[in-house]
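Peer 1: One structure, as structure tokens, below. Some questions next.
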Amino acid sequence: MAAGVAAWLPFARAAAIGWMPVANLPMPVAPSNKNKRQDELIILNVSGRRFQTWRNTLDRYPDTLLGSSEKEFFFNEETREYFFDRDPDVFRSILNFYRTGKLHYPRYECISAYDEELAFFGIIPEIISDCCYEEYKDRKRENTERLMDDLEDNKDSKLPNMTFRETMWRAFENPHTSTMALVFYYVTGFFIALSVITNVVETVPCGYMPNQRDVPCGERYTEAFFCMDTACVMIFTVEYLMRLFAAPSRYRFMRSVMSIIDVVAILPYYIGLVMTNNEDVSGAFVTLRVFRVFRIFKFSRHSQGLRILGYTLKSCASELGFLLFSLTMAIIIFATVMFYAEKGSSSSKFTSIPASFWYTIVTMTTLGYGDMVPKTIAGKIFGSICSLSGVLVIALPVPVIVSNFSRIYHQNQRADKRKAQKVQKARLARMRISKSGSSTAFLHSKRNGLNQSLELTQLPYYKMKLSPQGSLEEDQQLKKTTSLLESQHHHLLHCLEKTTNHEFVDERLYEQGYLQTALQNFPSQSPSLSSEEGITGTCCSRRPKKNIQPLNATHTHSHTHNLQELSALHIQCGEQQPLNTSRSSLNLMSDESGSLNCKSSGLVTTAIISIPTPPSNNSRASPDAPSPPNPEAPPLLNPSSTDVVKISAL
Amino acid sequence: MSSPVKRTQWDEELTQFRQDHGLSKKVLLNCCLVRRIISWASPSKKDSIEDELELSAVRHRPEALEQLEAQTRFSRKELQILYRGFKNECPSGVVNEDTFKEIYAQFFPQGDASTYAHFLFNAFDTDHNGSVSFEDFVMGLSILLRGSVQEKLNWAFNLYDINKDGYITKEEMLDIIKSIYDMMGKCTYPILKEETPRQHVEIFFQKMDKNRDGVVTIDEFIDCCQNDENIMRSMQLFENVI
């Protein structure tokens, strides 16, 4: 329940009078304000700055320090105020949370200081409201990354017992780890550069043979260039094999982009070795040499920026695609137009539409070589329109790509964002849990038999039947955690149940019940239902109230009430595992109920038995029995299956 | 639901301007250039913008504490507590139906409380102006919590009688009952069947409709309820809510 709405609870309860004439069952007794005191102002002295608020305001969140009795530890008798030796600035936000129900994160605060204060006051950071949550998460992520970076710097000299393979891999990936790695890094870099330069210089004409034209250096110094090529390829092959050996997952390594580039860089050489210097295949051989230029991509291992560029292009695939598509469209249109415009003129270069493509591309990209120019007036007009539109079409998608690049460059890869998204999902899940806590809190309290009416009427039975073990403390514990607000809310829901003669159950039970009713053919009367009208309290007294115990508890309650009725015992294990921190969920009273729940992971057993035979629950779980006493209620249970105890695998 | 400071200032200035120049609100709005542009751009949105302006300009201040004390059966302190809670949730001083539904739905997380909240809203909104002010709120509560049984039954009858014609028909009752069952939600035990609300209505009519004419009048209703112990007892249930 949200904070402010708690003030409307009296209204909701009053409105419940609308259900009264319609209800067929008597209503449960309202929880009494036993210790009702006038709402008073309490003073919170935080490091000298005094805050004042109503006591009720703080009681809205009983799972936090200020809302529970934990604040009594900080009560100062002489000054009659609560003293906290904490930061008063952060306390402002925390107190506002109680007042408005929204927790805000002030931007000027240090993230770790804020976290500490939240932890001290028992508030989970997930409930920071949406306006401030992004900021909070971003700052938190930055902080953890910085911490991790610091850690990693210290971590380098550790890990002495890495295998040789792992050391090698780390050396390859991160050249700063050791001197050897650095040397290797620079050597490979040098050879890549050497190989590229060799390829380039090969084609430069150097000198000339006396009888021939200029020959490229490659043909003049064939052996030298061949030796250099061989040396480079040797180095690259060795490097590739070493990386392959060291890779933790070879399959994945072989599929990675870098290894493909490596392979493509060295393959032409080997293919060239294999093939003979034959006239037919020499053409293909020459083509293969083109692939040697791919060696330059090996530099991307040495340069972060290059990698990000490649990554950007990959991630902007859709924008690039759009650019290409729109360009193609425009080219075709303008080429067609120019062709037909220039058809009339003689000696025009625009011989066909594909031939006009070249003109269109050159014009649209504002290159304007001038090898093809329109001569007719119509051609010139369309030519100018073409160049103007070219500017527009190209200018539009380019900024998108540019901004993408800058964004990626600054934000450091998508993997971190994916991590953040996972956290977002976890956050939503936690919020959902704490929000649904209000509905499950009611169910929990039902299961734990917290209905106050029980205490009033059933007390003698209840107390008698309890084994002397932990019952009294549990009782007090449970009483402590139910704030008045909660009990009133539960009473309201209880009244609704009585009005409609149906009960709230959680999802799993609902599905179980659904399956059950699907199996049942016909309803049957419940035998000898002695309904006790009279005091309204007895409608609840018919429930044999039992505590939820761990499965291996020795004591069970046998309910020797005089009523004979068919009842379905629902043995429920709470599906809400209590969240990690002790006061994590603000609305969920799961602390006690969570610890009381079955240790096994949420299994539900439905046992159908009839009282007064001692219930066969001594075997397994402990039952909590709601009962539909109303003869008008459509009974669900087939009496023939009376003594069947269905127990699902435990 | 708090409006930003700017808007408050603006509408104060607006009111001032209006008063100074003796213009009616409508005229002023019609002259407003901004509104003209907006209405030109999106003609269908005319009403909503005006509505928004209307609602934001409405700052309802309740009557004085003494008056309310005289009119209702609450003590001064109780009224203070009530108002504080009310104002917290609705800073503008009035609740419109959507906020009302929202607030009411928070108490019934498992089901859908909007239909019942709608009926409740109509029951509280005694002057039928589409919003519940603090006076309406407190009057309603006064009847519910401090009124005599007769008054409470009267109020309940008023709630059930959707079209306020003095008779509860089966259809009206069916709507009410369905809305109550809606609040239970889906996950109930036993499973909610289609005919359960109808059966419930039948039971109700059997009990209440003495002359079997298919409608329940206020007298039949009050008579019957006064003879039913359960109902009488449950009416006293919420005495100590405040």
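A Cβ is built for glycine as well, from the same backbone N, Cα and C atoms used for every other residue.
Note that TrEMBL annotation is computational and uncurated.
If you look up TrEMBL, you'll see A:1-16 marked as signal peptide. What TrEMBL lists as domain 'BTB' is A:40-139. Annotation source TrEMBL lists transmembrane segment at A:180-201, A:221-241, A:253-275, A:320-341, A:381-402. According to TrEMBL, the feature region 'Disordered' maps to A:610-650. TrEMBL lists A:625-637 with the feature compositional bias 'Pro residues'.
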Peer 1: For the domain 'BTB' (A:40-139), DSSP counts of helix, strand and coil?
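Peer 2: Here the numbers are 47 helix, 20 strand, 33 coil.
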Peer 1: Could you pull out which residues elsewhere in the chain have a CB under 8 Å from any CB of the transmembrane segment (A:381-402), counting only those six or more residues past its ends?
Peer 2: 312, 316, 319-320, 322-323, 326-327, 330, 334, 337-338, 341, 360, 363-366, 368, 373-374
Peer 1: Considering every residue in the domain 'BTB' (A:40-139), what is the mean pLDDT value?
Peer 2: 89
Peer 1: In the same chain, which residue numbers or ranges, 6 or more beyond the ends of the transmembrane segment (A:253-275), come under 8 angstroms Cβ to Cβ?
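Peer 2: Hits for the transmembrane segment (A:253-275): 229-230, 233, 236-237, 239-240, 243-244, 247, 281, 285, 288-289, 291-292, 294-295, 297-298, 300-301, 310.
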Peer 1: State the non-local partners of the transmembrane segment (A:320-341) in its own chain: residues 6+ outside its ends, Cβ under 8 Å from one of its Cβ atoms.
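Peer 2: Cβ under 8 Å, 6 or more out: 313, 350, 352-357, 359-361, 363-364, 374, 376, 378-379, 382-383, 385-386, 389-390, 393-394, 396-398, 401.
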